[in-house]
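Chemist: Just passing along the structure, written as structure tokens.
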Amino acid sequence: MIEFMRQLFSVESLAPHGMCLTWRPELIWTHVVSDALIGVAYLSIPLALAAFVVKRKDLRFGWMFWCFATFITACGVTHLFGIRTLWVPDYGTEAVLKVFTAAISLATAAALWPLLPVALAVPSPSQLEAANASLRARILERDAALDALRREIAEREKAEETLRQVQKMEAIGQLTGGVAHDFNNLLSATLSSLQLLAKRLPEGDAKARRYLDNAVAASERGAALTHRLLAFARRQTLAPATIDVPGLVGGMMDLLQRSLGPMIDVETRFPERLAPVEVDANQLELALLNLAVNARDAMPEGGRLVISAREETLGAGDPDGLAPGRYVRISVRDTGVGMDTQTLARAAEPFYTTKEIGKGTGLGLSMVHGLAAQSGGALRLASEPGFGTEAVILLPAASAAAPAASPDPEPAAEDLPALRVLLVDDDPLVLAGTRDLLVELGHSVVALPAAAEALARLESEPDIDVVLTDLAMPGMTGVALAQALRERRPELPVLLLTGFGDAAGDWPRLAKPLREEDLARALAPVARSVAARRAEHA
């Protein structure tokens, strides 16, 4: 075998191909040029096939293209090697190349014939055209369905955008409610300390009194801010009553005129008969005043403000999720600069404002939104740049007018007996400040940081007259504590201290931050009851 291979690749005793052509230049160079061109052409074809297969990865018979590429490459190399044999009698190597070319040619041919039936089964251009015509007909048939689907998708996207906005406002409400709760606790501790300090401030120290008054005023502003946050979060304490909207607006016209100034013309439009609404009158007045002030700021050169109301019946599928039924639509419309789409979309977000720094907190519309939602209604805004803004408060219509009776004035706390008070709050600053206020009012206080401790202490001290407890506490909440106390001592009064109006349910509550006069007023009924019991046993 070794000898055979040596003889095969030996060039001894062999004449180059050019000698057969008698070294005639015209023949030599004709062979050289033709073989070179054929070789280059053969080598370019596999490159094109390879590029085609690489880019068309979806080809069913891509491997056959690689077989053709190998076969054609071998043919091209054979032609190029033929140029060498014109001068070098390397016929052994040329023979090996031809054997390889023959082998790959036979393999390609053997693989090609079985593929013919499969390749013939591929649809012809006429068949593809017929299929395309059928597809076009089906597309035309479905155009109407697609139009309907597009409309449905548009409606769904609008509903989803509304849902996202609602969820966004709910998330912001949860955040602001939590911030307001913590801020309320801080203000409770601050205000209680300031109130106690004011009683102990020496007379005649005007500078110290001024400093103290400034601190109290700042704390009161902070309390008002937390109330607005709680209003947006729908957690403020409300006192709903049956309210006549035209009467309420008429009663605040003087305030509106003073607040808006002489450049704003205020007009009211109410029907002769309008259903009353169930809402907190003070909060509704504040909401209307906020809307009016916003309108004033949007009309720096003056303009017209129209406050109107009418009844409206809502059906199912309301965009704000309002229940079907009768509502009173209170509208506040101005002729101001209006808002663009981006500003309108964020107008009710807390702390969002387009006013200059220091000109507003960005909580006015947030408070109105929270009041409307907490009262079972909604706030809706419509605006266009250059054409003014309309704010609409939708409130459920009340079944009948029933003005609330004025409560009897409470007797002064000093005329009532001292109470034994059980105070529960997990915040040590609030606990200490509230305890000091109660002691200042003359009451005896047992102050505890947890509801579980309060239950245990109540067993050992049955002479407790009243329980004051924070609402939001870790472990057992204030409501859970109140329910447990009702089971053990149904006659024991419980008062919840909180800024969250809705979370307290039907339990009596006192809004934070606490003030001494509010505590005295809230405890007065309990003190009268204790005084009556003591008189019976005397």
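Backbone N, Cα and C atoms are what each Cβ position is placed from, and that goes for glycine too.
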Chemist: Quick one: which of 142-169, 254-281, 366-393 does TrEMBL have down as coiled coil?
Modeler: 142-169
Chemist: Might you list, by sequence position, any residue in that chain lying six or more from Asp470 (4-aspartylphosphate) with a Cβ less than 8 Å away from its Cβ?
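Modeler: Looking at Cβ-Cβ distances below 8 Å from Asp470 (4-aspartylphosphate), excluding near sequence neighbours, one finds Val424, Asp425, Asp426, Asp427, Val430, Gly478, Leu496, Leu497, Thr498.
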Chemist: With DSSP helix as H/G/I and strand as E/B, how many residues of the domain 'Response regulatory' (420-538) fall in helix, strand and coil?
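Modeler: DSSP composition of the domain 'Response regulatory' (420-538): 59 helix, 23 strand, 37 coil.
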